[in-house]
Amino acid sequence: MTNNMNNYPLLSLINSPEDLRLLNKDQLPQLCQELRAYLLESVSQTSGHLASGLGTVELTVALHYVYKTPFDQLIWDVGHQAYPHKILTGRREQMSTIRQKDGIHPFPWREESEFDVLSVGHSSTSISAGLGIAVAAERENAGRKTVCVIGDGAITAGMAFEALNHAGALHTDMLVILNDNEMSISENVGALNNHLARIFSGSLYSTLRDGSKKILDKVPPIKNFMKKTEEHMKGVMFSPESTLFEELGFNYIGPVDGHNIDELVATLTNMRNLKGPQFLHIKTKKGKGYAPAEKDPIGFHGVPKFDPISGELPKNNSKPTYSKIFGDWLCEMAEKDAKIIGITPAMREGSGMVEFSQRFPKQYFDVAIAEQHAVTFATGLAIGGYKPVVAIYSTFLQRAYDQLIHDVAIQNLPVLFAIDRAGIVGADGATHQGAFDISFMRCIPNMIIMTPSDENECRQMLYTGYQCGKPAAVRYPRGNAVGVKLTPLEMLPIGKSRLIRKGQKIAILNFGTLLPSALELSEKLNATVVDMRFVKPIDIEMINVLAQTHDYLVTLEENAIQGGAGSAVAEVLNSSGKSTALLQLGLPDYFIPQATQQEALADLGLDTKGIEEKILNFIAKQGNL
């Protein structure tokens, strides 16, 4: 993909923020227009996150114009909105490779650029890291500024408020910018608010404010009265949230129009030299400047390649995704059981819960980006006699590990975890691979862990977890299902596998959706294939039988080898005193980079060809076939 830079005369001059800072202020609106158009053209040809970046064009330009990046340190939360940042910081010509194998990362990444201060992918980490960076700069007398940009979704997480509370107590110099692209926080944006923001962020007001504090410290009653008066003024003239952030120890400014580049530059210029923790609230529109994305910001959050002129996203008419299989199952159960409750931490669309939320709104809870709360909220519902189902990505369940142990498993409560995006996820890369859930759940007492090999198995396992009366997890991958026939729901025998093919010498123990590769290989190698179904409790009887009747056992999974399903098989063999040769195939001991799912599996030797080579090499090393 190549963009015709003749269409972008100003942007073509910008190879770093230093080039940007050479522009006159009156050139910035044109630059924003070109940057937005370039972003749209690039993403439409490569796929990626679009709507968030369209909404942060003016903010990105203003930040790099006012602050001396990379000396001043700019930290983006999550990173979906950082595409304009990448374009302005020397990676414009590499945008055609974003989210692709060996290409630039979809999120800010420290190894990629000195302008990427913090590697991100998960939400709500920016303020905590930013505070640490600001404290380090303060102790070194570096004179550098620290700016954190966080969205109105990410700031709902408890971690963000923990960091705000700590920052206010430390009174460290830093700026937190709330990028509010929803109507849920405030709507009072306009010329008056922009003007007031200039006043309250100005040096005169700041000097008077700080001077008054020093004097009034000696007269506590008057000091408290003046503090309340200032908070009331800001609460009336700005938004009700100003009082909240002021109470946390921040000087609140806003909300400011996040698409008015002149006002942003003026306000940020004022705020750059303010002391102590500062909080700037800006209002933006997700998808700004591209009508289809403004109309459907969720649909255009992450997009495949599409035609930007028509604005139509390609429709997937192939096999249903595992997410849809889950969503359909949940609706089917809710039709029969008013006590089943669906819970998601801000992943309604991704987890396949849109239809459920619309048809059964009283049985649906989106708890926002609050994974810890989601799990313990489910705990309470289970105690109350309900049947909670927590739909969560594998990579995000990591954030609620203590709750999984302390609140669910220790109490042996019937909470079902529908774990989406287990295994290789593809283009989002290292921060989003579902590589660890089997390993971190397998060691927890009372847990039942299931690994479906196709969509029908997935439905049956969800039903089994729903019925079993214990903590249960069903892990399934991103993407389309196999296309098998769906059968009526029935509870599976807990901890029992199923023999798929009987062969000789080699037995492949499959955990999950790599079963088609195992079956294809079994014909070449005359191997036995067992779909293990359960990681915990594991089918000890089957493992011992296979060990007695075969020379080689091969375990197959999309999870880290360390502590994974293969390790469970090794433990059974060891405790049974079996010396059968065991080959464990799974994800290696490093963070797996971005690529398509097929490319990643091939690189890891977990496609059919790679699995065959590993098995044959293993047997050769054993000395005989």
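Every residue gets a Cβ built from N, Cα and C, even glycine.
Quick look at what Swiss-Prot annotates:
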BINDING   H80, G121, H122, S123, G153, A154, N181, Y290, E371  thiamine diphosphate binding site
BINDING   D152, N181  Mg(2+) binding site
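Cα to Cα, N181 (thiamine diphosphate binding site) and D152 (Mg(2+) binding site) are separated by 7 Å. Between the alpha carbons (Cα) of E371 (thiamine diphosphate binding site) and D152 (Mg(2+) binding site) lies a span of roughly 16 Å. Within 10 Å of the Cβ of N181 (thiamine diphosphate binding site) there are 23 other Cβ atoms, across all protein chains. Taking only the Cα positions, the spacing between H122 (thiamine diphosphate binding site) and D152 (Mg(2+) binding site) is 14 angstrom. For the recorded site, E371 (thiamine diphosphate binding site), the DSSP three-state label reads helix. In this entry, thiamine diphosphate is bound by H80, G121, H122, S123, G153, A154, N181, Y290, E371, whose most widely separated C-alpha atoms sit 32 angstrom apart. In three-state terms derived from DSSP, H80 (thiamine diphosphate binding site) belongs to a helical segment. Fewest other C-beta atoms within 10 Å: among the binding-site residues D152, E371, that description fits D152. DSSP assigns H122 (thiamine diphosphate binding site) to coil in the three-state reduction, placing it in neither a helix nor a strand.
Rounded to a whole number, the distance between the Cα atoms of D152 (Mg(2+) binding site) and H80 (thiamine diphosphate binding site) is 13 Å.
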